[in-house]
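For 11-90, 100-177, 188-265, 292-369, the entry in TrEMBL reads domain 'RRM'.
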């Protein structure tokens, strides 16, 4: 099994850095003209768009022909772009492990893949070599070299690191994956923010060179060449980077306060900020539970942080004081005052609750976190003293359906669950003095909680009392006791 796999690997070449317009037939022709031994080619494409991914594979019938093709066509320009050729590695763990990889930075823009390979070929067998470029093909100033053995990596780093090539000192170090770099606590790259617009690379290096040897210092610029007012400083030693952060963070340079920290990717920076905010919330909730933080409501719009602190300063030591404002800086009418002890907070709450400040009585209570406040409101709502029971009214067979208000006995009513909610307040509806009219009655309003009070009516006469009259004409005699004369 292992022999067949190795044989397959030696018969297949990986071809990278291909132009997007190169198709299978052109790739086949290029390799077959040299070896006349190509069995098949495959350019990898996007599943959705069908566009080339910039790399492909070439299969040969004989391993010696594959080796010859790699030696002759490596860095050969196909449609203006030099190809990068190496034997295919089918094991993903070996491809992504970074074994034998060297990271090279601070390269001159004129250095290409072949020149970088020639630079390091003296230290051992080079499997792959690449200078990273942007979308327009301009070098980003760094690249990677992969050796066959780890020994070549150590020799190359010791010999080439710091050498002057085309008026630039290159930095050579063993390759570290992004995951390893993110998890490592040792770092040399420092992020500097809030720089002046006139700050240059030389100025940035001059500011930080007192903390140790600097390998590179760059101020980031936009497409028009204007400063984006942040940059990066990379030190030779990690201790110098830590010292620079401790000494320079918060220092004012050119009338601007600098923010200096470890250089991180955006995702790591966001995660660190989330962790910091979460820790601060835990600390704030702990102080709230101890009864040291007060919530102040119904503040006048003229009350700001200073005024609020003056109002509560007589009761003890204030740790923090803040009036909440909208995005337009107008007060929301609420704020928070935190004392050093719970006794001071209790005293301030007793004295200041209901006090008139700026023609408005303020409300002061212990601050609660959002979850506790929501639970408190829910508990209050559940304990409100209303129990409106909706009951079923059975119509009487002795009355007209419109006026059927007789109530069934209590034993005939099925138990109903209590209804909680808002009902309209009932209002009075006057009766008419006309004959055959209905009596005055109270119509319930279903938006205000109302206790259930059944309306009592006189008993209906026997069914057979008036045989000659239609049923509706029985009503005047039925409601006779309600008539006003």
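We count from 1, first residue shown onward.
From the backbone N, Cα and C atoms, a Cβ is placed for every residue, glycine too.
Since this is a predicted model, take the numbers as computed values, not measurements.
Residue counts for the domain 'RRM' (11-90) under DSSP, split into helix (H, G, I), strand (E, B) and coil, are 23 helix, 30 strand, 27 coil. Residues of the domain 'RRM' (292-369) grouped by DSSP class, helix first, strand second and coil last, total 22 helix, 28 strand, 28 coil. When the domain 'RRM' (100-177) is classified with DSSP, helix, strand and coil residues number 22 helix, 30 strand, 26 coil. Shown for the domain 'RRM' (188-265): DSSP residue counts in helix, strand and coil, namely 22 helix, 30 strand, 26 coil.
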